[in-house]
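K.L.:
This structure is in structure tokens; I'll ask about it shortly.
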Amino acid sequence: MKPISLADLCQYKKEKHKFATITAYDASFAQLFAEQGIQVILVGDSLGMTIQGESSTLPVTVEQIAYHTRCVRKGAPNTFIIADMPFMSYATPEQACTNAAILMQAGANMVKIEGGSWLCDTVKMLCERSVPVCGHLGLTPQAVNVLGGYKVQGRDEVTANQLIKDAIALENAGIQLLVLECVPTSLANQVTEELLLPVIGIGAGKGTDGQILVMHDALGITAKPPKFAKNFLAEAGNISDAIRLYIQEVEQEIYPSDAHSFS
Ligand code: KIV
């Protein structure tokens with residue numbers, strides 16, 4: 001497989017070619033996902049829940065993300081890997097640089113940070129130092145204690161407008177991808193149209209440029225899956241076919257359906 005670049009993802013957006021991405025935390029799954037055609041893998045701090053059995057992403061450390069990034073890179077040498085920067089690892093721009101370096105040296109192509117306009121200086125500093133940055137808006141799980149739970153965000157006009165402003169500010173600061181989690185489809189569509197960069201949705205409807213799923217949700221492992229999750233393994237029968245079905249349904253805009261989205 002030819003290594004995928006950010007320019008390719010921008011081209012997908014221009015051509016309205018929807019793309020599927022997924023989380024992975026180890027070499028075996030990363031290899032299998034890459035073999036089925038997944039071009040972008042997120043080493044998410046969701047590993048706090050999926051791998052470590054924690055009740056949130058907050059206990060995850062930079063060293064743990066670096067370890068899993070190294071594993072994923074071994075399994076998927078040509079895949080574009082985004083590594084999550086854990087809670088409090090980017091509290092200041094300087095801290096962000098130090099910790100992003102660890103993740104890039106572990107094999108990431110890009111780091112992801114959660115939050116709005118307050119991160120603009122951090123984004124600029126990382127970009128100037130050759131670290132590509134992915135933003136994350138909407139439901140930002142590291143802020144669960146402020147948000148009061150894992151709830152849909154941007155349902156009213158004020159919070160929706162704020163999210164749009166944050167997305168534009170982050171794009172102007174230099175982010176090159178944006179993950180939009182658990183927002184109404186209409187808001188996700190507006191953000192996707194407004195921004196030049198590719199927007200990857202999770203619980204954000206089918207209008208975003210790409211989709212991402214936590215692998216445990218896509219394979220029916222999660223005990224209480226979120227509304228937007230779909231168990232592709234149940235339909236496909238084996239893991240390889242499940243991942244191919246996921247990619248196909250995203251490309252053909254079958255998944256996510258209205259039943260997997262918020263209005
Ligand atoms: O950590 C993660 O897996 C994520 C996805 C839910 C986008 O951030």
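Using N, Cα and C of the backbone, Cβ positions are placed for all residues, glycine too.
Under the heading Mg(2+) binding site, TrEMBL lists D45, D84, E114. The 3-methyl-2-oxobutanoate binding site annotation in TrEMBL covers D45, S46, D84, K112. The active site, proton acceptor annotation in TrEMBL covers E181.
Context for these features, please: burial, neighbours, distances.
P.N.:
Sequence-distant neighbours of D84 (Mg(2+) binding site) (same chain, 6+ apart, CB under 8 A from its CB) are L42, V43, G44, D45, S46, V60, I65, V111, K112.
Non-local neighbourhood of E181 (active site, proton acceptor): H136, L137, G138, L139, T140, P141, Q153, G201, I202, G203, A204, each in the same chain, at least six residues away, with C-beta under 8 Å from its C-beta.
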K.L.:
Which of the three DSSP states, helix, strand or coil, fits D45 (Mg(2+) binding site)?
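P.N.:
Going by the DSSP assignment, D45 (Mg(2+) binding site) belongs to neither helix nor strand, so it counts as coil.
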K.L.:
Which residues, in sequence order, are found in the same chain with Cβ within 8 Å of the centroid defined by the Cβ atoms of D45, S46, D84, K112 at the 3-methyl-2-oxobutanoate site, excluding those residues themselves?
P.N.:
T23, L42, V43, G44, L47, T57, V60, I65, A83, M85, P86, H136
